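Listed features, source Swiss-Prot:
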type	residues	note
TOPO_DOM	1-37	topological domain 'Extracellular'
CARBOHYD	29	N-linked glycosylation site
TRANSMEM	38-63	transmembrane segment
TOPO_DOM	64-72	topological domain 'Cytoplasmic'
TRANSMEM	73-93	transmembrane segment
TOPO_DOM	94-118	topological domain 'Extracellular'
TRANSMEM	119-140	transmembrane segment
TOPO_DOM	141-163	topological domain 'Cytoplasmic'
TRANSMEM	164-183	transmembrane segment
TOPO_DOM	184-191	topological domain 'Extracellular'
TRANSMEM	192-211	transmembrane segment
TOPO_DOM	212-240	topological domain 'Cytoplasmic'
TRANSMEM	241-266	transmembrane segment
TOPO_DOM	267-279	topological domain 'Extracellular'
TRANSMEM	280-300	transmembrane segment
TOPO_DOM	301-317	topological domain 'Cytoplasmic'
């Protein structure tokens, strides 16, 4: 079993079998270029997980409390919050188990610990897949609300949204189970990478199309009211900035992790790739940072949700 928290498996779960390690990470003693390794202390890792846990729990509680938020759009936001919550919980659980094992406070048989590691692996992987699917579902929901506004309520019903969410979780659990089973197969790694790229392309296409449509609509209104051209440009720049932040956060937080998976499949023994593998803990921390940012982008911008959140906080006190 690994002796330190930095020796994590592919998904950040606990890898206890030495025979599995070569599949997940190349040997650390390879000769090659000097590596830059960014250390993420366990304390910081735990703090990020706790912030994400509290933040996403509040989002779920606010949506559950207010019946006005029981709409398809907020169902997808709630699904995203639940996924992000599980990402933080699974990483918190993993870090806690590793720390307890390191200090000798937790004693267990190797088979029991291995089974626990597999459970955490499945939990982490399924929550990550469902989080990506939820981001794609939110983008599609917003796209339909703009381009099919008159038919939106007949296309995106609450029942269909719930079925879509159920399908997302079923697919996430199934895919994560298969991935953990065949983690040492290159095809399994590439499937996850292709899935991430598909979500990135889907979100980029949908949001760019929405931005173009919004700019055209703003120009039409400006011509109608005979506004000045700089006003139109300012609105377009604001929309472009919002789009850049939305897609930029997604890519910066998730991209390094999937780059890690790609390099494991492409160059597992190359010295340069080995340098990147040493920062795997940082890549997991970036994903947890994304679970902290998601509520700020998708949930807390809603005035109704913020009002309900205040009520939840006041009630808890």
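Every residue, even glycine, has its Cβ placed from backbone N, Cα and C.
Listed by sequence, the residues of this chain that lie at least six past the ends of the topological domain 'Cytoplasmic' (301-317) yet keep a Cβ under 8 A from its Cβ atoms are 58-59, 61-63, 65-66, 68-69, 74. For the transmembrane segment (119-140), the residues of the chain that approach it from at least six positions outside its boundaries are 9, 11-14, 73, 76-77, 79-80, 82-84, 86-87, 89-91, 93-94, 97, 164-165, 168-169, 171-173, 175-177, 179-180, 195-196, 199, 202-203, 206-207, 250, 254, 287, 291, 294, 298, judged by C-beta separation under 8 angstroms. Long-range contacts of the topological domain 'Cytoplasmic' (141-163) within its own chain (CB-CB distance under 8 A, at least 6 residues past either end) are made by residues 70-73, 75-76, 206, 209-210, 213-214. Among the recorded stretches 73-93, 192-211, 241-266, the one sharing the largest number of Cβ pairs closer than 8 Å with the transmembrane segment (280-300) is 241-266. Using a Cβ-Cβ cut-off under 8 Å and counting only residues 6 or more beyond its ends in the same chain, the transmembrane segment (73-93) has close neighbours at 12-13, 45-46, 48-50, 52-53, 56-57, 59-60, 63-64, 120, 123-124, 126-128, 130-131, 134-135, 137-138, 141-142, 145, 156, 158, 161-162, 165, 168, 284, 287-288, 290-291, 294-295, 298-299, 305. Residue counts for the topological domain 'Cytoplasmic' (301-317) under DSSP, split into helix (H, G, I), strand (E, B) and coil, are 14 helix, 0 strand, 3 coil. For the topological domain 'Extracellular' (184-191), the model's pLDDT averages out at 83.
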